[in-house]
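Below is one structure, written out as structure tokens, with a few remarks after it.
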Amino acid sequence: MDCLCIVTTKKYRYQDEDTPPLEHSPAHLPNQANSPPVIVNTDTLEAPGYELQVNGTEGEMEYEEITLERGNSGLGFSIAGGTDNPHIGDDPSIFITKIIPGGAAAQDGRLRVNDSILFVNEVDVREVTHSAAVEALKEAGSIVRLYVMRRKPPAEKIIEIKLIKGPKGLGFSIAGGVGNQHIPGDNSIYVTKIIEGGAAHKDGRLQIGDKILAVNSVGLEDVMHEDAVAALKNTYDVVYLKVAKPSNAYLSDSYAPPDITTSYSQHLDNEISHSSYLGTDYPTAMTPTSPRRYSPVAKDLLGEEDIPREPRRIVIHRGSTGLGFNIVGGEDGEGIFISFILAGGPADLSGELRKGDQILSVNGVDLRNASHEQAAIALKNAGQTVTIIAQYKPEEYSRFEAKIHDLREQLMNSSLGSGTASLRSNPKRGFYIRALFDYDKTKDCGFLSQALSFHFGDVLHVIDASDEEWWQARRVHSDSETDDIGFIPSKRRVERREWSRLKAKDWGSSSGSQGREDSVLSYETVTQMEVHYARPIIILGPTKDRANDDLLSEFPDKFGSCVPHTTRPKREYEIDGRDYHFVSSREKMEKDIQAHKFIEAGQYNSHLYGTSVQSVREVAEQGKHCILDVSANAVRRLQAAHLHPIAIFIRPRSLENVLEINKRITEEQARKAFDRATKLEQEFTECFSAIVEGDSFEEIYHKVKRVIEDLSGPYIWVPARERL
């Protein structure tokens, strides 16, 4: 078996030995978190599989030791591969497939997608099963040393470009920076768009995919995105750019630029339009692209006069990214047009569709006079093999570009200060929120078709909150395997629209809506933490008692109840600590209640009864979820005691729904239950971890169990101190 050794020249090479010498194993390497990569020519390697598959280009290989500190959300990357499930061909290596934004690896900035992991601390993971690699990473502790291999990036050509600002400014857009990586694992500032007619376009040397190293004398390597924005804004008419030109071979391993960039033109270009991305909800930033994304074909190489104008028949096979194009139009019979082709997607790979095509039909469904929604539904429901009749109509499409530009201006004008030409910098970039309402983008009258639908309780990572109406955000998944990125309505937009709705609803009444604005809920800021106990369970709403009883009887090893306290005398058959904790005096229990040692307490027949924090903690630390029959007020008291509960509200859809779920109660009882639930939701929505609904108790109970499973931890989201 080939093994990894280290010789005195600080080069790694493979030798024909069964095991590496002990003195050269990774455990005995110097613990230098920032040690430079070690370079070795591929002619010293005897493992062609690595030479062909790892990140970079053929030629030289580099090895790097990267030390990461495990964060609240883990190490912040995903892996694939292993002897039982090779990621590329027959190569058993463990590959990095994703760098999670905001995670430990992304913040460190050195680990890259397609890096091959050789060792985790002292554990050799070069030829192990996938589960063994996962276990090695899980058991590595809080400080993890990774030994990775990649191809050495090709040498970049460095040039200096002199630009003179014109009416359209510098005329290009950028993305990237520390904490806002354009390419996972790379903090560089990249050019993502050249604006036609701008200074960069007229000069002709700056291209999409170029890396900006410096502006005048200001370096842009390893800087925040906002710093790059400021450096480009604070320039005079003559600007000198230091630019690195990447090679095509390296670009093939890169990732497509995100849809939202910062534009340096007096006419903002923020890729916000009334269009539908007809693929998955993944952003283009997370989709592998072909080199042509960074090397756009010049228009004069394929003149518009060479493109046929008659209707064409195109067959596209839906891929994992959907069909891979956006559409606009559908108002007043104006037609449906393609506005964007996703690089590397099915439409792009077919080579048959282009921006400016009008879609006449989909699988025989006539779309010539269809609305935008009708066209989107037709394309979504078209199946795996989609037959499209399209006709190239650039003149008609140009009308949409003008309309889109006007919409952008209207949106941006609401969030830009006078005299500025770029998105206003906002200090609240990169924070996490929990949604306190359901949002269905199809019911929003706004024009952002790339909006992101979500449900109550979903955690969202806000990537960019610089616009006052729409925030760019990523839905956070517990498995960190997939990302849904899009636009969500800002807190201001949500609350303004809800306030307008309430005002319209109460218009003409004597009391009006005075004082209701404070009750409008949108989002709450959250932070992630690790817990080492089983979270208490509080179920609220109709049928909560039945759900509690079923959990205790069906899963006695996972759920338990705590022993309450009381001041009443112990009866002969009762045992202290089993039936109740009998408190010796009323004064003592009252003092403990005032000291917030109880999450809930009350009086019955002149005796005090209550549930103490310590009783709940004892059950939780035994690894059982403590089922609590308490009011919603107990949620905040448990949070204050650092025992963060899972609070589930069973929301009845209607009075009839209450009767259907519980057929044993009368209509009057159902009405009271429905009214109590309505009031409970109005007063305590922000305390709920999740809201469940159902047409039967069985459906509700199934959803309750799933919520508990999803929110059990060990990593959970809790309210943060910061306010939006």
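Each Cβ is built from the backbone N, Cα and C atoms, and glycine gets one as well.
Residues or ranges marked as domain 'PDZ 1' in Swiss-Prot: 65-151.
Confidence annotation: the domain 'PDZ 2' (160-246) carries a mean pLDDT of 84 in the model. Annotation source Swiss-Prot lists domain 'PDZ 2' at 160-246, citing sequence analysis.
Sequence annotations record features per position, and here Swiss-Prot assigns domain 'PDZ 3' to 313-393.
The domain 'SH3' feature in Swiss-Prot is assigned to 428-498; the stated evidence is sequence analysis.
Per Swiss-Prot, the feature S-palmitoyl cysteine maps to CYS3 (among others).
According to Swiss-Prot, the feature S-palmitoyl cysteine maps to CYS5 (among others).
Residues or ranges marked as phosphoserine by Swiss-Prot on the basis of a large-scale study or a structure entry: SER73 (among others).
Feature annotation from Swiss-Prot assigns phosphoserine to SER142 (among others); the stated evidence is a large-scale study or a structure entry. Classification of SER142 (phosphoserine) by DSSP places it in coil, neither helical nor stranded.
For TYR240 (phosphotyrosine), the number of other Cβ atoms no farther than 10 Å from its own Cβ, over all displayed protein chains, is 13. If you look up Swiss-Prot, you'll see TYR240 (among others) marked as phosphotyrosine.
Sequence annotations record features per position, and here Swiss-Prot assigns phosphoserine to SER415 (among others).
Annotation source Swiss-Prot lists phosphoserine at SER418 (among others).
Annotated phosphothreonine per Swiss-Prot: THR420, in sequence order.
The feature phosphoserine is assigned by Swiss-Prot to SER422 (among others).
The phosphoserine feature in Swiss-Prot is assigned to SER425 (among others); the stated evidence is a large-scale study or a structure entry.
According to Swiss-Prot, the phosphoserine annotation covers SER449 (among others).
As annotated by Swiss-Prot, phosphotyrosine applies to TYR580 (among others). For TYR580 (phosphotyrosine), other Cβ atoms within 10 Å of its Cβ number 18. Under the three-state DSSP scheme, TYR580 (phosphotyrosine) falls in the strand class.
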TYR240 (phosphotyrosine) - helix vs strand vs coil (DSSP): strand
Per Cβ pairs under 8 Å, the stretch of 160-246, 313-393, 428-498 packing most closely against the domain 'PDZ 1' (65-151): 160-246
Proximal residue to SER142 (phosphoserine) among modified residues TYR240, TYR580, SER606, SER654 (C-alpha distance): TYR580
Cα proximity to TYR240 (phosphotyrosine), best match among modified residues TYR580, SER606, SER654: SER654
Separation of alpha carbons, TYR580 (phosphotyrosine) and SER654 (phosphoserine) (Å): 39
